[in-house]
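Visitor: The structure follows.
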Amino acid sequence: MAPFEPAALPELLPVFYRRLFPHGPYGRWLSYGGVKNYFQLREFSFTLRDDVYLRFQSFSSPQELERELQKINPYKIDIGAVYSHRPNQHNTVHLGAFQPQEKELVFDIDMTDYDDVRSCCSSADICSKCWTLMTIAVRIIDRALVEDLGVRHRLWVYSGRRGVHCWVCDDAVRKWSPALRAAAVEYLSLVKGGADTVKKVNLSHPVHPFIRHSVNVVEKYFEEYALRGQDILGSPEKWDKVLALIPEEHREALQAEFPRRKDSVQRWELLRARLERTRGRPAAQGPCYADWEVMLQFCFPRLDINVSKGLNHLLKSPFSVHPKTGRVSVPLDLQRLDQFDPFAVPTITSLCQELDTANSDGEQEDGGATEPKRRTRDYKKTSLAPYVRVFEQFVEGMESARRGERIRRSDLQGDF
Amino acid sequence: MEFSSRARLKHARLAGDRREQYPHSLQFYLEPPMESISLVEFESFAVDRLKLLKVIENLGVSHVRGTDVYKSKLESELRKLKFPYRALAEDDYEARRKDHISHFILRLAYCQSEDLRRWFLQQEMDLFRYRFNELTESLMQKFLEHANLSFEAVSMARERDAAGEPGGGGGSPPVGLADAVDLFRARKVFIKDGFAYVPFKEIDVIVLNNYRTKLSKALALTARSLPSIQSDERLQPLLNHLSHSYVGPDYSIQKNTGKISLEQIDALSVKSFPLCMRQLHRALRDSHHLRHGGRMQYGLFLKGIGLTLEQALEFWKKEFIRGKVDADKFDKGYAYSIRHSYGKEGRRTDYTPYSCMKIIMSNPPSQGDYHGCPFRHSDPELLKQKLQSYKIPPSGITQVLELVKGVHYQLACQKFFELTHDVDDIGFSLNHPNQYFTESQKLLNGGRELKKEFNNSGNFQQKNNSQESTNSSSTPTSSNAKADTELEGLEAYFTED
């Protein structure tokens, strides 16, 4: 497979939007069952070549969106809010009347926010070692969304380069105020402080169930990721950083003992056991959660509140192409989260190549088929198929919930 | 007030049993009163509630809400004004009725502007919070059920984590996340399935949020239907007065008439005048003239400290003659207006000295004016310089400027009093320049002891209603909310402003 070249985008994007982009389920998703003009009031923004940026695009139907995408072939698609008026007419509305009304609750988790705790890569780079951080983040946040916040319909998406996004689509949540969204982010935040803060996680007794659950998740990955992969106690330099997060009373003993252990795993066990013993201490001295605090500082998700808070924030659309990596922003299959490999995600180049191969094989068979049909089945011939399947399941989930709700309501009203 | 058929039915049902109408000592004020009342009752209920709310405002600034001191003072005020003051389960019908009616009347007066609404909302919330917290747990349950705040006791306790987790024991009612935002965000309560399980001891936060939302909406609605009420000639003047009133002594009846000599004024201006009047006096001496705003503010103040008409005429004339005005011109023009303000000309209304609220709120000074409130109207830098020139210590100046920044102009003046009289605690709540003078004189002359009890007469903290709201950002100061002057007759309720 040839590597992706950004210069090829103008050539590849038309193919992408005609034969690969899943317009069908995409349109069904954003129509939300056809409720009150939802689709028509939605803002999209397109980024064209040379960073030309078109905001406040809106369309009368998913079909129109499809046609426009195939005409404009944007480098990137962003989804914004559902507004009070059609975004493409916002200039005709007098100032103040054009307001965002609803939007999915979204999260953006970016690997660069973890630079202070990963030693394998930094900034835009990722590798299979540090990708585990995203896995942990998805597991922790998703559990909290479902169990604590009662969310049912959420879509996790690979951002295309160095992180993940989450789209929470429940009817009620789409109506949340910015204040409530901000509160949700704070509820989900444990790592506080910037470059100047050494100790970024501080837990007090009693520990909230959310924290307890999150620690349980981290524990499952900690040995493999932090102790073996990142080797956070692998050398005096490294373990000093960790010991800086522990109360002074424990540091000396651990510092003395650490050199005598052979690896991070053993050293961690020492540290953990020592701190766990403090848990039984009487309330006055207080149980110490420093070991949890270390685990969380190294592994707990870091959210950007600005992305989630505002109704008018734009976020990259699922199935948009990342202009720098060429990778498609594909949905994550939560059932197979641990097997997800960001480097195996198809690029637009590889997909187009697959299409070429598939066509030369399949043309004879589909000789009689009509054009549109051939096109809609095209992505199924490529490695995009499983990702579209995940997306379809997500959309179907919402549709079936809506049907169930209609039935329930009509039962209540005694309709037949 | 319209009668819907549903309300009429309800009214008929309730008419027989008055106790049923007000089953609790507090309410959400969801239904307006349906009975007819006399104008006298209308007026007196409204005034009493206004006094109550002003006390609440005052207490909220001077004390930390919820402390014993706060509670006992508020309780005594409620008793005095005959509002429900304790969560009695028994019949407290008259007080509760008064509470109900007066709330709705004040809504009419206070819905008219953003600042008025904000002020009203803040005080009513404080009142509600106090009353709600006075309920016993069982009364609280009953009240919440009655108010239909969909709290269902859910026994999720078994499914929950072991005790010791924050968030309440079994039976905590589930509350929507939007209603418990602060508890949710800070992880102070157990969250499951999109609900917060709020322990009873935190339930007041939820209930208060609920109350605030309801009242806020109601006020907005009331504002929209105001035009029809304003057309009622009986009500309009009263409603106007309510939202602008200063409730306290008006210093129109001078007990000290003639006790001040003109020679004393210079010295008095330095020792006992509030900064606004000291500034005006200085300007008068320096330029031998004051413009109209300054003449009114200062002239009435002087009347309030006891200057007779004759003294006033002499005082102003002597000064103006040193300027550009000759005796004739003075007699023809300025003298007339001085007599006018003493009630000897024209309408013959005895004009009353301006209260702090009036000075702060109306007629801001422009270039060449010296009236107004220095804490409100002076540039902070200039104010600082002035205080420095009066030899106020830097720490004191900082305190004053902090209060000014926080829009607490009268508190800043109180602090100024404390600094210039070298006392820790001003001992009263300042809201009238003449009050400043009287208190200062008392202090300096070792006058009669300040009355310790806080009675319901004047001296409520007068926060200006059309300023940026101070209420949501006000922090409790250590100054005491003691009052010591008596209310002089009912006529003082509505001072001509």
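Every residue, even glycine, has its Cβ placed from backbone N, Cα and C.
Feature table excerpt (TrEMBL):
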BINDING   B:CYS276, B:CYS356, B:CYS373, B:CYS413  [4Fe-4S] cluster binding site
COMPBIAS  B:461-480  compositional bias 'Low complexity'
COMPBIAS  B:486-497  compositional bias 'Acidic residues'
DOMAIN    B:267-437  domain 'DNA primase large subunit C-terminal'
REGION    B:452-497  region 'Disordered'
Visitor: Same chain, not part of B:CYS276, B:CYS356, B:CYS373, B:CYS413: whose C-beta falls within 8 angstroms of the C-beta centre of the [4Fe-4S] cluster site? Give them in sequence order.
Guide: B:PRO274, B:LEU275, B:ILE359, B:ILE360, B:PRO374, B:PHE375, B:ARG376, B:TYR409, B:GLN410, B:PRO433
Visitor: Where does B:CYS276 ([4Fe-4S] cluster binding site) sit in DSSP terms: helix, strand, or coil?
Guide: helix
Visitor: Could you pull the average pLDDT for the domain 'DNA primase large subunit C-terminal' (B:267-437)?
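Guide: Overall, the domain 'DNA primase large subunit C-terminal' (B:267-437) comes to a mean pLDDT of 89.
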Visitor: Which state, by DSSP, holds B:CYS413 ([4Fe-4S] cluster binding site): helix, strand or coil?
Guide: helix
Visitor: How many neighbouring Cβ atoms, not counting its own, are there within 10 Å of the Cβ of B:CYS356 ([4Fe-4S] cluster binding site)?
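Guide: For B:CYS356 ([4Fe-4S] cluster binding site), the count of other Cβ atoms within 10 Å is 26.
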Visitor: In three-state terms from DSSP, label B:CYS356 ([4Fe-4S] cluster binding site) for me.
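Guide: Going by the DSSP assignment, B:CYS356 ([4Fe-4S] cluster binding site) falls within a helical segment, counted as helix.
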Visitor: Just to confirm: which same-chain residues, 6+ apart in sequence, have a Cβ under 8 Å from the Cβ of B:CYS413 ([4Fe-4S] cluster binding site)?
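Guide: For B:CYS413 ([4Fe-4S] cluster binding site), the qualifying residues are B:PRO274, B:LEU275, B:CYS356, B:CYS373, B:PHE375, B:LEU430, B:TYR436.
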